[in-house]
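Student: Quick one: the structure is below, and I'll ask about it shortly.
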Amino acid sequence: MHPFSRLFRNIQSLGEEEVQELLGPPEDALPLLAGEDLNHRVADALNLHLPTADLQWVHKTNAITGLYSNQAAQFNPHWIQPEFPELHLHNELIKKLQQYFGPLTINEKRKLQLNFPARFFPKATKYFPLIKGIKNNYPNFALEHFFATANYLWTLWEAGILYLRKNQTTLTFKGKPYSWEHRQLVQHNGQQHKSHLQSRQNSSVVACSGHLLHNHLPSEPVSVSTRNLSNNIFGKSQNSTRTGLCSHKQIQTDRLEHLARISCRSKTTIGQQGSSPKISSNFRNQTWAYNSSWNSGHTTWFSSASNSNKSRSREKAYSSNSTSKRYSPPLNYEKSDFSSPGVRGRIKRLDNNGTPTQCLWRSFYDTKPCGSYCIHHIVSSIDDWGPCTVTGDVTIKSPRTPRRITGGVFLVDKNPNNSSESRLVVDFSQFSRGHTRVHWPKFAVPNLQTLANLLSTDLQWLSLDVSAAFYHIPISPAAVPHLLVGSPGLERFNTCLSYSTHNRNDSQLQTMHNLCTRHVYSSLLLLFKTYGRKLHLLAHPFIMGFRKLPMGVGLSPFLLAQFTSALASMVRRNFPHCVVFAYMDDLVLGARTSEHLTAIYTHICSVFLDLGIHLNVNKTKWWGNHLHFMGYVITSSGVLPQDKHVKKLSRYLRSVPVNQPLDYKICERLTDILNYVAPFTLCGYAALMPLYHAIASRTAFVFSSLYKSWLLSLYEELWPVVRQRGVVCSVFADATPTGWGIATTCQLLSGTFAFPLPIATAELIAACLARCWTGARLLGTDNSVVLSGKLTSFPWLLACVANWILRGTSFCYVPSALNPADLPSRGLLPVLRPLPRLRFRPPTSRISLWAASPPVSPRRPVRVAWSSPVQNCEPWIPP
């Protein structure tokens, strides 16, 4: 049935004779459909012209939103965070693959070397402050989203997917180190690496004296008077520390020895002796610097000891009064219980600059509750909140990593059909725009015709899903400074609190109570039920870098496609009688019998598990002869969209209002849905050309009742996209602005147009006539526009009818000099000659879905327990 038969009869401006002529023979109707006057008259009847600007646009139609009506993201307080297995590829992946699959090809090695490890070194990187680490996409659930996102990041760190930044040059992580990480190894399983330990022993005494003195100190306590220490090292007078008989080097060495003995001595002794508030703050800074660094496994004596020269140069600039105003812990801190550090008291820790900072969470211990909703009630309910930070199994050296981030993070639903689980979104969009833009490598994506050519066969199908596929591919540690994420800590919710203020006294604690509101208090109580003591760890700021491939970088899809395609190629070579197809994290297996498919699946699962590749068993599906893949149903008869997409499209299209101007954003979102099913309709994409014109013009579009009903009738009747076959071309078509010609193996045909036409339009009409009169599914032509198959550049009515006529037709290029239809198109009928032998090969869009393999040797041992379905030594190759 003609696609315009019902539409033309409903247009009153078209007479009955004109309708019969338009629906008549194609040689008469097609030139008329290309006429500009007819297209304008039909557009007027369907009200397809752009509306005037004085009409008010509609910005929302049921489920489709347009301009100024963006839907707010929905936060789920009961999101389930996924659990990640130990994702660690084998250290010798290429050698291990060669043991299983034999020698690898050059392309397979190249693809694997790109991913092991992956490298990402942009020319420019923009760094953002840590306060932008977690995006506030849910203002009504800011605190809940903050802790949920921080917990997600710590979950990734525990799975070995993220590095934790300890300082500018040190990273720590959990899991097994890769071979390239062994070169930068500092600490592994609590033990110093040999190379790092040797370099530390060869360094200066200042850099490592604290660690060495601690190892060589006697076990019995040594009584050292605090008074003597303060008089001998620092002194109550500034001049006494500067004008001694001993040299500066001796003073520095004595200072280090005394401080090391104090840190190794019983803390109860120091607590009993106490300390005066008038003691120089420099002594307390160095003591706390050593204790904090010793707990974290590092020494920071060098930074504190090297400042003696700076303090000596500032002796004349600062008086004794100004010196006493330097940073010193408050009185409550000095009177805290030293016998149980890390449990109560305003515990100090070092930031990355070596400056002691206080734990915001534990600081509520020493403050009086400001009201009934004070956080003091929550903090004081537990004595031991655990450590402020953690250290992984492995510590490595890294390039200079600033205390900044390169992208924010937030949580969303895992997918539109699963709102119970959360997914982490990393915003590394700076590498896709601006001066920091990176031009990502391109890779081929299978189109609809490619899927039909390669997968539309009568096989048994099985689809596999790689669990957390992006997180399988490791990244070089040198790329960490470009892929930084983090959390600003609770200070994000109290902007008045500043850790860099010079007036550090108890008045600062009053600003902390700005957090004490009813909403924060009730939210923390609910979060405590979820996270327990981990709430304290999540409240601290931290910076992490990606150790595995993140999903927010444009390089990730390219690398993942290379990785999975290399695996599919190796499996295909070893199982030449099956079909293996990989796209991103989806792997498809096809075999002639279900028993053979089961054997291949068992072997692949065991091999992948040994290589460290985890498959999601819950998403493994056996499809039989109907493969569901990428939203399509692929069978031996062709490809059709899944029912859920058809129902969604019909629901959205029926909800579109009639005779109301819809803004172009609604048209964009509607065409996104219609384009998915358009290749299966009679008129294809050409039916949506009026919508494309409105979107390109950035103006509104009005659906008439005739146009809407016509679209509904088109999308109710779907036709499969069938597989193309490799045959020899036997029909050729050519045209001139005034005539057309067709050449077959047995005859030559020619004709003329009633009026001159553009050459591309004439070539398209000639191809349509050749298809109608010969029924050939393969045509030879010399016009590149017709070869492309993109008909949206032609007049609207002609494009729709041509798409209907040429549906399922393939084209092959023939030069004009060799085209046998060239002379008939010019009105000449020469003697019939043999046609050029042109063989058509179905295109695969540069997708290597299968690898050519040698024939199966008859002496090769069988891979399955029963007889192989291969009846001969020839490998089965997709058509």
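Backbone N, Cα and C atoms are what each Cβ position is placed from, and that goes for glycine too.
The Mg(2+) binding site annotation in Swiss-Prot covers ASP465, ASP585, ASP586. As annotated by Swiss-Prot, domain 'Reverse transcriptase' applies to 393-634. The region 'Terminal protein domain (TP)' feature in Swiss-Prot is assigned to 1-184; the stated evidence is sequence analysis. According to Swiss-Prot, the feature region 'Spacer' maps to 185-382, an assignment based on sequence analysis. Residues or ranges marked as region 'Disordered' by Swiss-Prot: 304-345. Sequence annotations record features per position, and here Swiss-Prot assigns region 'Polymerase/reverse transcriptase domain (RT)' to 383-724.
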Student: What are the non-local neighbours of ASP585 (Mg(2+) binding site), defined as same-chain residues 6+ apart in sequence with CB under 8 A from its CB?
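Tutor: Once residues fewer than 6 apart are set aside, ASP585 (Mg(2+) binding site) is near ASP465, VAL466, ALA469, PHE470, LEU560, THR564.
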Student: Let me know how many other Cβ atoms fall within 10 Å of the Cβ of ASP465 (Mg(2+) binding site).
Tutor: 15
Student: Would you mind listing, in sequence order, the residues at least six apart from ASP586 (Mg(2+) binding site) in the same chain with a Cβ closer than 8 Å to its Cβ?
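Tutor: The list for ASP586 (Mg(2+) binding site) reads SER463, LEU464, ASP465, VAL466, PHE629, MET630, given in order along the sequence.
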Student: Across the domain 'Reverse transcriptase' (393-634), what is the average pLDDT of the model, as a whole number?
Tutor: 87
